[in-house]
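S.K.: Sharing a structure with you now.
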Amino acid sequence: MSRLGGAVENGLHDGLSDMCLLEPLEEDAFIDNLQRRFQGDQIYTYIGSVVISVNPYQSLPLYTHEVIFQYRSRNIYELPPHIYAITDDAYRSMRDRNLDQCVIISGESGAGKTEASKVIMQFVAAVSGKGANIDRVKEQLLQSNPVLEGLYIHGVIKNKNFNDFLFTAFGNAKTTRNDNSSRFGKYMDIEFDYKGDPVGGVITNYLLEKSRVIWQSKGERNFHIFYQLLSGADTSFLKSLKLLRNPESYAFLRHGGCSHIESVDDKHNFTVIKNAMKVIGFKENELSLVFQLVACVLKLGNIHFQHISNFDGTDGCKLINEEEVDEVCDLLGCVSSDLIDALRHRSVRTNTETVQMDLSATEATYARDALCKAIYSRLFSWLVARINDSIRVKSRGKRKSMGVLDIYGFEIFDTNSFEQFIINFCNEKLQQLFIELTLREEQEEYIAEGVQWINVDYFNNAVICDLIEKNNQGILAMLDEECLRPGDTTDQTFLQKLNSLCCTHQHFESRGCRKTQSDRTLPLDAFRLIHYAGAVTYKVTGFLDKNNDLLFRDLSYAMFSCSHPLLQLIFPEGNPQRSSLKRPATAGSQFKVSVNDLMRNLKTKCPNYIRCIKPNDYKRPGLFVKEIVLHQVRYLGLMENVRVRRAGYAFRQIYEQFLYRYKMLCSDTWPLWHGTAKEGVARLFAKLGVHDQDCAFGVTKIFIRNPRTLFCMEDMRKLKMEDLATLLQKIWRGWHHRQIFLRMRQSQIHIASVWRKYRARKEFLRIRHAAIVLCTYTRGWKARRLLKRLRFERQCVWAVGVIRKYFFGWQVRKEYRCKFRATAGPRIVNFLHNALRHRYLMRLREHLPSLSPTDDTWPTPPIIFHSLSEQLREIHHKWRCEKFRNACDQATRNRMREKVTASDLFFDRKINYPRSVSHPFIGDYVNLRQNSKWKKTACDTNDQHLVFADIVMKINRRNGKMVPQLLVLSTNALLVLDQRTLVIKYRIPTSEVESLSLSPFWDKLVIFHLKKNGGDVLTKKGDFLLSSDHVIEIVAKTVLLVQNATSRRPPVYIGTQ
């Protein structure tokens, strides 16, 4: 879809995709168009080549590999608006036309600037070349971006790399507006070779919000790395850093009252950060050094000072908790007395002498906070430099570059201080650059196309930039002058100087100015600037201290003297050999220089803009608050952008694309135009009656002044497209039905041919089968006749042989009958039988098996003695068993009887029976026969013949409670005794046991069923339920005892019921 197609066709549903076509051009229409597109999940909108991005706060299917390659090498207006489109256009312009590019991303905190930079990096990495070295550079670039900023994605984009983790950890923090707000500015230059493959890059950081290290507002957090270190580091590593895991143990982490965020896994992020740092090239010792400095910042925040009065009447202080200082010194490798002196005293040096002054408790706290901010901010700068060393271009040769600027958006808070003043100054410079470059681009395009340039009236914010940065007269210059001026200088003296020099400026207001002297909305300790985005009130409290950014020299010397390797790198001014009395540059002047350098760098490149907007302050998907969006639209100057773009002509497009879209509106150009595209567009406009003042013909593009002209043409195109669609449907239906007819006719011919083939083959098979049957019957008849003749001949030959044999036998018997006795044959046969039988018996005697009854071997007999062998084998086995029984004593026989009984009862009936086979039945498991108490009790009850004794678990049938008892089986009774006192609780004569019950499973339970009438009084309690490891033995012996007492075997029930 072309740009125009996307803009107009979706205009009724998802809104216009290009705000230049908005009619009428009003704020309400602008906001309504954004809202319609937002509600249709169309979060991107164009203003010419500028992309407006609305944060959806949810995942959308806009960033897959398929979408990336859909936008690759396509015209920016062929597809719906997307960051991929502007990135592809910039990348191809750099690669093919050797034009250095930059992408400027702006918007307030939470609008999705960081995520937009990730999308750009993702697209460039996907569409550039492949190869081992190229992939390594891509990975380092993707890892370096994360290391400083993108921790997690709050519902916008989910990058599969661990991108942006290190910068996120050290440079991002939770604010009231954004859980992952970048608290620093970043400009990344990606460098490419002549083929467009990335070869390296350079990162520049701007103004880290280091005041956050020591203080956070309610509901905000410190930088992510502090919480990730405490949550993710293992216990041994934390112990080596002398840290506790609870964030509330540290003063610098308690101010905001928000140590944990539900949507953030600090523990997991710490692991990913360490992996990302290793990929970039950090060594293990470097990781330890970095985390040692982070730990020192936390521990320094717990140092407190107490006021004391010196002998000379001056104020002094002392440390309350010196043990914290000792632990910090252990981590930094310095002497604790040196660090304590540096925190409690300050040395003032002149050319001739050095004077040491005591610090009050308030001044010492300020010195401690300044040291913490210096350590953290310089560590951050060292990380950036270390990453630059890893990703910097190593090879020589001509290179192209694409810059990505992700910097703080315009900030207007309830209380605005020095940080907001500096941030808004940077945004003023970017807005000035945008207006300048946009107008220049428009003018260059008009000149290149030969269209007359029309001057555009717009708000030039250069006057505000001059008010802030002008040499000697600007606000920054006066702030530096007040910081360097000797004498008693305060924030109020600075404000007074502003009132005296800037009160007549139209964009400056304060209570000291005559024009706003009675304005009650303006505090006495503040001034107001009228920015391009609106009026912002700045409180001057802290301006001088934050601009000075002063770190006492004693602390610099103490840090440089530490043995910690990084401290000597990040505190070079502490080197005594390089000491200087020159005052360091102020924070405002440093930032002014870096911003001007950035502006000069951006002016050398072709700019591309992404304006980020957040739809609500609650990070809620689907919620579009018009008031919040309108405020951002105003301070981003988006309406100004549209007016500049539409100042001359609202729409422009290449002739070929324009004619391709609208040629159906003229019969001369449809369906094919044979002339040039410009002539075709002229013929089309003449046919449609478009006046010359409504359009202009450039060299390669057509320019249309009023969007209504486009809308009219689009309406006509829509009607014409309906007619063309009807024509196409008619032609397609005719072709479709003819194809159906042709297929049906071909099918009919094919079916007829197959049927004829089938019928002829079936007739042929029937005839062939009949012929085969006839042949078969004929061959069978001949074969049977031949077989009958051969059988008759064979019978004749057999009969002749039999007759001949009997005849010869008769002749021999007749000749020799007189020479033999009549009984000789039977006697010889009997002799042979006896000889064979004797030989078999002798061999059997020599090969008889052993006397063990379990030996099943037996010699193999001849066939004629098979039955005899079986009889002898049975006799021999019975004889062996008799001898084995005679060799056993009575006790062994009884145990054998018990084993046999157990086999009869439980074989193939209870699962745990096989385990009891190999274990002998001992009977007396508790050595009861030797117990004197038992002997006395047995004499009294006539139970001297003990059969079984063991501790069993008696189960109460009412509540299932198990009680250990002593079970004794004698020849006369079953006894249950107390296991300690041997007092008889129950005695049941064996004759009173009626039956026993068990289950077929692995359990060890047995139920003794007693007779219900008569019997001993102890039997009236009912059946007994017992559990024992020797349940098989108990049941077998009980069955034998009952059988001996009653001459009947009691039934044993084994079942599941």
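Heads up, the Cβ atoms here are built off N, Cα and C, so glycines get one too.
Values in this document were obtained by computation on a predicted structure and should not be read as measured data.
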S.K.: According to TrEMBL, which stretch among 227-249, 296-318, 595-617, 687-709 corresponds to the feature region 'Actin-binding'?
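M.R.: It is 595-617 that TrEMBL describes as region 'Actin-binding'.
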S.K.: What parts of the chain pack near the region 'Actin-binding' (595-617), using Cβ distances under 8 Å and only residues at least 6 beyond its ends?
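M.R.: Same-chain residues near the region 'Actin-binding' (595-617) but 6 or more away: 34, 38, 47, 49-57, 83, 86-87, 89-90, 93, 99-108, 110-113, 116, 177, 187, 204, 206, 401, 403, 405, 409, 425-426, 429, 433-434, 437, 469, 623-625, 628-629, 632-633, 636, 638.
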S.K.: In sequence order, which same-chain residues at least six apart have a C-beta under 8 angstroms from Gly110 (ATP binding site)?
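M.R.: Asn55, Arg177, Asn178, Ser181, Lys614, Asp617, Lys619 - these are the non-local Cβ neighbours of Gly110 (ATP binding site), listed in sequence order.
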S.K.: Among all protein chains shown, how many Cβ atoms are found within 10 Å of the Cβ of Gly112 (ATP binding site), not counting that one?
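M.R.: If we count other Cβ atoms within 10 Å of Gly112 (ATP binding site), we arrive at 27.
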S.K.: Same-chain residues six or more away whose CB lies under 8 A from the CB of Ala111 (ATP binding site)?
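M.R.: Counting only residues 6 or more apart in sequence, the Cβ neighbours of Ala111 (ATP binding site) under 8 Å are Ser53, Asn55, Gly409, Cys612, Ile613, Lys614, Gln632.
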S.K.: I'd like to know the mean pLDDT over the domain 'TH1' (910-1057).
M.R.: 86
S.K.: Using the centroid of the Cβ atoms of Gly107, Glu108, Ser109, Gly110, Ala111, Gly112, Lys113, Thr114 as reference, list every other same-chain residue with Cβ within 8 Å of it (recorded ATP site), in sequence order.
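M.R.: For the ATP site, the extra neighbours are Asn55, Asn178, Ser181, Gly409, Cys612, Lys614.
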S.K.: Under 8 Å Cβ-Cβ from Glu108 (ATP binding site), six or more apart in the same chain: what's there?
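M.R.: Glu108 (ATP binding site) has long-range Cβ partners Arg177, Gly409, Phe410, Glu411, Cys612, Lys614, Gln632.
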S.K.: So, by DSSP, how many helix, strand and coil residues make up the domain 'TH1' (910-1057)?
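M.R.: Each residue of the domain 'TH1' (910-1057) counted once, the result is 42 helix, 50 strand, 56 coil.
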